[in-house]
Each structure stands twice: as structure tokens, then as C-alpha cells.
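My questions will all concern the structure given below.
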């Protein structure tokens with residue numbers, strides 16, 4: 001009997017896990033081209049990948065990638081995928097979705113191994129279905145590819161501290177280097193691992209650092225071979241600039257205000273953080289909280305991590321899912337005990353009813369949000385209900401159908417070498433590689449934001465001034481948001497509106513330039 005019962009339990013858990021994985025796959029890849037609508041930064045990464053496919057390390061007519069502000073691993077990966085499947089935003093998003101899916105599976109496995117079977121399954125389910133994780137996990141951004149490297153490195157350094165092994169040390173160093181090679185925020189993974197080693201096994205720091213640097217050299221070698229001087233210049237300027245950027249006049253005020261606002265508006269992150277404090281494994285708890293804390297410290301100092309800045313925390317979402325699952329299970333046990341106590345006094349004549357009633361009521365109270373998560377993510381991925389990006393969280397995403405119509409018009413009327421100006425989300429994949437966003441075009445004439453890197457004029461491969469443009473594309477991002485952050489954009493818009501409008505689709509308009 002005991003053996004058959006165990007087999008039945010294994011079968012049930014296997015079915016649940018498989019169903020959860022299938023759900024996660026559906027929520028990551030269904031309708032990926034259309035939902036969510038196109039985000040500006042996605043176009044930057046595709047343009048970099050397109051140039052790399054032609055052997056060029058440049059972005060919007062500028063040698064290197066000073067305004068992309070990203071290391072090259074995501075570019076390599078997207079370029080390789082596009083060689084196989086063609087240039088499309090769906091390919092870039094597919095790379096990100098794969099990274100997000102792997103990280104969610106990894107978070108569930110860590111919870112299963114270190115907390116228990118129930119925690120593992122619930123972590124996997126929350127990571128698979130939570131609408132924030134699903135929606136941001138579908139965007140073609142570097143953070144999604146960085147996430148599995150980031151989490152695996154933390155897991156490996158935890159395993160190394162429990163049972164020293166050269167394999168775990170090497171794995172942590174390699175993954176930390178890959179995280180940093182994907183996005184510069186990934187350096188916090190290496191910092192966390194280094195702090196752990198400094199406290200517990202300081203003699204291993206040299207080996208970790210050696211492997212870390214060796215992997216960085218290997219990953220950066222292709223772009224170094226193309227233009228080493230530009231790469232080091234951009235990296236140096238980025239870190240010098242990044243060290244001085246803050247979202248208010250005081251670092252302390254920035255951190256306090258942004259952190260409180262983050263927890264106020266994103267309550268699920270607050271619950272996830274509380275859940276991390278409830279982890280039974282003290283070493284894992286300290287490692288995860290250190291990585292999360294360092295990331296929040298850096299992001300809240302420099303940016304507002306709510307609204308348009310929440311994507312800076314995307315790689316932490318699976319970790320928050322783990323904390324959320326642990327918190328929910330603790331809440332379930334607490335409420336169940338409370339219910340049993342109350343129901344025992346109410347139904348003293350029906351003692352058999354107490355336990356199942358307490359279980360059902362507690363489950364209904366605690367786990368009902370999981371049902372909402374599934375329905376919400378289904379609406380987002382199936383019916384394009386992008387409610388997450390509304391109100392203060394409006395990213396001014398580009399509506400897909402009008403964007404495709406405009407891209408078809410431009411493709412039919414440009415030749416290789418013609419200059420097209422517009423927002424990054426609409427410029428990728430056009431027949432001409434002579435294209436630029438408004439940040440690059442304004443920087444070309446000396447009107448860039450103060451918090452962006454200064455680029456020498458010699459690094460521009462083409463004249464990308466407004467006077468040279470054959471077409472200029474205006475969408476809500478260019479009309480409404482760009483004037484708030486780009487000096488000179490108001491003057492640009494005045495000049496563009498004097499040009500003849502030759503095509504309109506939805507809220508996107510194409511203007512014909514003078515081509516002097």
C-alpha cells in the first residue's frame with residue numbers, strides 16, 4: 001500500500017509539474033510578435049545584432065554602442081538566432097523568453113531542493129503565471145538573458161560554500177562573467193559571489209577572479225578584434241557616467257523615496273522580499289538577499305524602479321517568485337491553524353468537518369491570487385490585454401499593426417543608403433542600414449542629454465542630421481516622451497511638422513525629408 005501510494009503521489013506531482021511547464025511555455029511564446037506591443041529599447045538591440053551580422057560593431061551610424069550601454073553577449077545571441085530564423089522582433093523576444101523560462105525553472109528547482117517539494121512546485125507556478133514576470137519576460141531585453149546566469153551563479157556559490165568543489169566555484173565564476181557580459185548590472189552577481197567567498201572562503205577569491213576575467217576576455221574578444229579602442233572608451237565612460245547618475249540631488253533621498261515608492265506600488269515585490277526572509281536555508285537566504293539588496297541599492301539610487309524603470313529589476317523577478325511562494329505557504333499554514341481553532345469551537349458536534357473546512361477556507365484565502373495570475377496572463381498573451389503598461393506605467397509601446405504598415409511603406413520606398421529617422425522600435429529590419437533614432441541624430445548636432453556619453457564626431461559613419469533624412473517617422477514616443485528627455489527635440493519636431501506627411505497609420509506618421 002505504501003509503495004502504491006508513493007507512486008500515485010509521484011504521478012500527481014509529475015503531472016502538475018508538466019502542466020506548469022507547458023503553461024509557462026505557452027505564456028512565454030504564444031503571440032510573441034504582437035503581445036506586448038513593441039518597446040523602444042528592443043529596437044536598439046536588434047539594430048546592434050543586424051550590424052553584427054554584417055561584421056560591424058556599431059549602432060545607428062555610430063562606431064561601438066555608446067547609447068545602447070550594453071555589453072555584447074545579448075547581441076551575439078540575437079545575431080546568431082537571426083541568422084537561423086531571420087531578422088524579426090519575435091526572434092529577439094524568443095531569445096529573452098527562453099532565458100526567462102530557464103530562470104523560472106531554475107528558481108523552482110532551487111526552492112524544491114532547499115525548501116521542499118511544495119515550495120518548489122509553487123515557486124514554479126508563480127514564476128510561470130505571474131503577469132509581471134510573464135509580460136516583462138516576453139520583451140526582447142538583456143535582463144531576461146542575464147537572469148539565468150545571475151541566479152545559477154548564486155546557486156553555485158551557495159553549493160560551493162556547503163561543499164567545496166572546484167566545479168561549483170568554476171560554475172559560479174563562469175555564470176557571473178556571462179551575467180556581466182549580458183548586462184552591466186550583472187556585475188552585482190560577481191560582487192555578491194565575491195563577498196560570500198571573502199566571508200567564508202577567502203582563499204578561493206583568486207581562483208574565482210581568474211576564471212571570471214578569463215571568461216570576460218573570451219566573450220569580449222570578438223568586439224575587441226573589431227574595435228578595441230572604442231569598446232574600452234565606451235566602457236570607461238559608462239562606468240564614470242554611471243557612478244555620477246542619480247535620480248535626485250541626494251543619493252540618500254533617491255534611495256529612500258524610490259525604494260518606498262517601489263514597495264508601495266509593487267506590493268508583490270514587497271511580499272516576495274518578506275518571503276525571502278522566511279527561507280529555511282540561512283546561507284541561501286543571505287546570498288539571495290545580498291544580491292537583491294545590492295541591485296535595489298544601485299537601481300533606486302540612479303533610476304526610479306517603478307513605471308518606466310521596473311524593467312531594471314526583471315532578472316530578480318524569479319527570485320521574488322520564490323519568496324512569494326514561501327510567504328504564501330507560511331500564510332496558508334498560519335491561517336489554517338487559526339481556522340481550525342475557530343471552527344473547532346463552532347462545530348464541536350461535527351469534529352470531522354473542522355479539518356477539511358479549515359483547509360478549504362485557508363486555501364481559498366491564500367491561493368485565490370494564483371487563479372487571477374493565470375487568467376491575467378492568459379488575457380495578456382492571448383488577447384493582447386496590455387493592462388500592465390497603462391497609467392503611470394505607460395511605456396508608450398508601439399502599436400504593432402500601424403507599425404507594420406509604416407514599415408511596409410518605408411521598405412517599399414527606400415534604397416540602401418537612404419537615411420531614415422525614427423524611434424528604435426520601428427527602425428529595425430528596414431532595407432537601409434543608414435538609420436538613426438532621435439537620440440543619435442540630436443547628439444550628432446551636439447544636442448544630447450547631459451547624462452549620456454559624449455561621442456567624438458569621427459565615430460559617426462554617416463551624416464545623420466535631419467536635413468539628410470529621406471523619411472522621418474513620428475510616433476507617440478517621439479512626440480510625447482522624447483521632448484521630455486532629449487534637448488533639442490522640440491525644435492526637431494517643429495522642423496519635422498513642416499515636412500509633407502506622406503503616410504499615416506494609426507498614431508504613426510511618416511514625413512518626407514529634403515535629402516539635401
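Quick reminder: no glycine exception, Cβ is built from N, Cα and C everywhere.
As the structure is a computational prediction, the values presented were derived from the model and not from experiment.
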Looking at the candidate ranges 291-311, 312-332, 396-416, report the one that TrEMBL labels transmembrane segment.
312-332
Need the matching range: TrEMBL marks transmembrane segment on one of 124-157, 430-463, and I'd like to know which.
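Based on what TrEMBL states, transmembrane segment spans 124-157.
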Of the ranges 238-260, 261-283, 468-490, which one does TrEMBL flag as transmembrane segment?
238-260
Quick test of the contact rule: Cβ under 8 Å, at least six residues beyond the ends. What residues does that give for the transmembrane segment (124-157)?
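Counting only partners 6 or more residues beyond its ends, the transmembrane segment (124-157) has Cβ contacts under 8 Å with 17, 20-21, 23-24, 27-28, 32, 35-36, 39, 41-42, 45-46, 70, 73-74, 77-78, 89, 92-93, 95-97, 99-108, 110-111, 168-169, 171-176, 178-179, 182-183, 185-186, 189-190, 192-193, 196-197, 266, 268, 287-288, 291, 310-312, 314-315, 317-319, 321-322, 324-325, 328, 370, 373-374, 376-377, 380-381, 386, 388-389.
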Does the structure show the transmembrane segment (177-199) and the transmembrane segment (94-112) touching, where I'm treating 3 or more Cβ pairs under 8 angstroms (sequence separation 6 or more) as a contact?
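No, the transmembrane segment (177-199) does not contact the transmembrane segment (94-112).
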Give residue numbers and ranges for long-range contacts of the transmembrane segment (353-375): same chain, 6 or more residues beyond its ends, CB-CB under 8 A.
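Same-chain residues near the transmembrane segment (353-375) but 6 or more away: 23, 125-126, 129-131, 328, 331-332, 335-336, 339-340, 343-344, 347.
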Note the mean pLDDT of the domain 'Glycosyltransferase RgtA/B/C/D-like' (70-224), expressed as a whole number.
97
